[in-house]
Amino acid sequence: MAPQKLLCLPSLLLLLLTRLLPQADTRSFVVDRDHDRFLLDGAPFRYVSGSLHYFRVPRVLWADRLFKMRMSGLNAVQFYVPWNYHEPEPGVYNFNASRDLFAFLKEATLANLLVILRPGPYICAEWEMGGLPAWLLRKPKIRLRTSDPDFLAAVDSWFKVLLPKIHPWLYHNGGNIISIQVENEYGSYGACDMSYMRHLAGLFRALLGDKILLFTTDGPEGLKCGSLQGLYTTIDFGPADNMTKIFALLRKYEPRGPLVNSEYYTGWLDYWGQNHSTRSVPAVTKGLENMLKLGASVNMYMFHGGTNFGYWNGADEKGRFLPITTSYDYDAPISEAGDPTPKLFAIRNVISKFQEVPLGPLPPPSPKMMLGPLSLHLDGNLLAFLDFLCPQGPIHSILPMTFEAVNQDHGYMLYRTYLIHTVSEPAQFWVPNNGVHDRAYVMVDGVFQGVLERNMKHNLFLTGKKGAKLDVLLENMGRLSFGSNSSDFKGLLEPPILGQTVLTQWLMFPLKVDNLVKWRFPNQLLKSSHPQTPSGPTFYSTTFPILDSGGDTFLFLPGWTKGQVWINGFNLGRYWTKRGPQQTLYVPRPLLFPRGALNKITLLELENVPLRPQIQFLDRPILNGTVHKTHICSLSAESASEPMELSGH
């Protein structure tokens with residue numbers, strides 16, 4: 001009989017545990033307005049949370065980052081769901097691999113972190129088009145973030161896929177999601193379409209039920225148009241803001257219930273051409289402690305920033321177009337490479353004064369690797385690869401068409417025409433009405449002539465014989481992600497003018513650069529594609545082994561100008577060495593092949609190659625390199641040295 005008793009023991013333990021743990025039907029997260037607090041399973045609760053974006057961190061590193069957040073004293077993680085990351089084409093959905101947000105929810109559960117979910121549809125997040133899919137702009141007259149039937153139809157279709165998948169993860173259903181945000185900082189959007197907000201609120205309720213806490217988040221100036229009766233109102237602000245004044249303003253919209261700062265800024269984003277943003281440790285910790293003394297719930301944005309890999313960075317429009325850097329380090333408590341910083345330890349010390357912090361040390365910084373310098377070899381000019389970059393052939397149009405009109409969401413498109421008469425004297429080449437979105441690389445008969453850039457004055461003069469081939473490579477630098485979020489079409493928005501002649505009869509080549517890089521360049525093409533002198537957009541590459549166990553590293557591109565870089569076919573992101581401030585690109589160790597295998601790095605340099613085309617891998621980042629001073633100036637009256645008004649997320 002004894003063996004039978006032993007066999008029953010696991011079942012008895014399981015029964016005991018299930019009786020001790022809160023059951024799904026007893027689990028609740030609610031607002032206690034009588035006592036200005038949250039209740040979790042009936043007990044007073046305050047969350048101290050941090051933002052982390054699964055789409056900015058390689059999946060293999062999710063568990064590491066979440067564990068470090070929990071060990072820092074956090075009891076919740078807040079994150080967005082970028083619509084464009086999961087629905088690349090209308091009706092085509094991707095929740096696999098790095099896009100498996102449900103695997104991320106599971107990792108958060110394993111790390112003992114509750115979840116505050118922000119599914120949009122608009123998220124900002126300094127992400128491409130604020131998370132809205134670029135394919136929405138294939139209807140050029142669509143009015144984003146409004147009651148426009150075309151926009152609502154797309155939103156409804158998306159949420160009818162996403163929200164039912166979220167439903168089992170709600171806290172009262174046994175999951176870890178305690179609250180869900182509706183839209184994002186809608187008060188900062190000029191439309192103020194409350195019918196749109198009511199439609200969203202009704203949609204969320206219909207698909208998620210009445211038990212989940214729905215909330216809004218706005219900056220102080222956005223509460224009027226961003227808040228909605230029936231949704232809990234929260235606010236966002238940073239260490240430099242007047243906490244007393246802002247919370248008093250919040251009370252006008254949410255008289256009772258817990259005070260909530262949904263985005264307490266631990267750092268800030270970076271733009272190409274400006275200095276790296278930082279927030280001091282004393283300022284961040286003082287503001288945090290003051291809020292916790294008031295009993296407020298706080299989410300720190302960001303707690304770990306991560307990286308804008310590929311083409312996913314967003315942009316702002318503040319007197320001129322300001323694309324956001326590849327690094328999203330954000331001066332956050334956990335660095336871009338996932339390492340604890342002095343800011344983290346200081347924040348952990350503050351949290352420990354108010355609630356229990358898990359015992360045990362934080363993991364040490366990950367191993368870092370140095371390698372190089374490595375010399376890169378020339379693969380060939382971009383123009384030599386057109387048959388592979390655009391295998392379906394060009395699209396012909398009398399006037400140039402936008403990226404959106406030809407279903408090219410990201411990256412690059414080549415516009416080509418031929419001169420109809422000889423231009424013997426230098427004639428100005430320009431695009432009226434600021435019609436370059438966002439950066440154009442101009443070539444005549446394959447020879448690089450110069451650059452045109454959105455919101456910038458460039459004096460570019462061309463000559464050429466009748467029949468000369470004029471190529472204009474357009475780069476999408478990231479769609480607007482904050483504020484007005486007007487439809488940000490890419491490409492040539494107006495026909496270019498050479499001298500007094502409006503140029504027509506265009507061939508457009510939507511380029512699939514990532515596909516070419518993954519093919520590792522057909523060998524038979526390489527033998528015949530080498531130009532004597534590289535000019536303009538050009539591919540370079542090399543291979544290298546890892547001689548030891550390796551580690552995380554940072555790619556340094558001294559002397560290179562601007563371009564895109566891939567490692568083992570993975571799009572690491574943009575570099576812009578000559579403009580800065582970011583000088584290195586974070587390379588996570590899992591992207592590199594282990595010892596004994598060859599790694600391949602490919603660069604698409606868009607402008608000028610250094611005399612010695614070399615790269616290095618460093619063991620630390622350079623995020624605040626000297627900003628290159630250029631002769632170009634803004635089309636607006638705003639000075640480059642004028643301080644910028646901070647945006648939200």
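Placed from the backbone N, Cα and C atoms, the Cβ positions cover glycine too.
Taken from TrEMBL, the feature signal peptide covers 1-26.
Annotated domain 'Glycoside hydrolase 35 catalytic' per TrEMBL: 38-353, in sequence order.
Feature annotation from TrEMBL assigns active site, proton donor to GLU185.
Using a 10 Å radius centred on the Cβ of GLU263 (active site, nucleophile) and all shown protein chains, the other Cβ atoms total 24. Annotated active site, nucleophile per TrEMBL: GLU263, in sequence order.
What TrEMBL lists as domain 'Beta-galactosidase 1-like first all-beta' is 400-512. Taken together, the residues of the domain 'Beta-galactosidase 1-like first all-beta' (400-512) have an average pLDDT of 96.
Taken from TrEMBL, the feature domain 'Beta-galactosidase galactose-binding' applies to 537-594.
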Alpha-carbon distance [GLU263 (active site, nucleophile); GLU185 (active site, proton donor)] in Å: 11
DSSP residue counts for the domain 'Beta-galactosidase galactose-binding' (537-594), split into helix, strand and coil: 3 helix, 28 strand, 27 coil
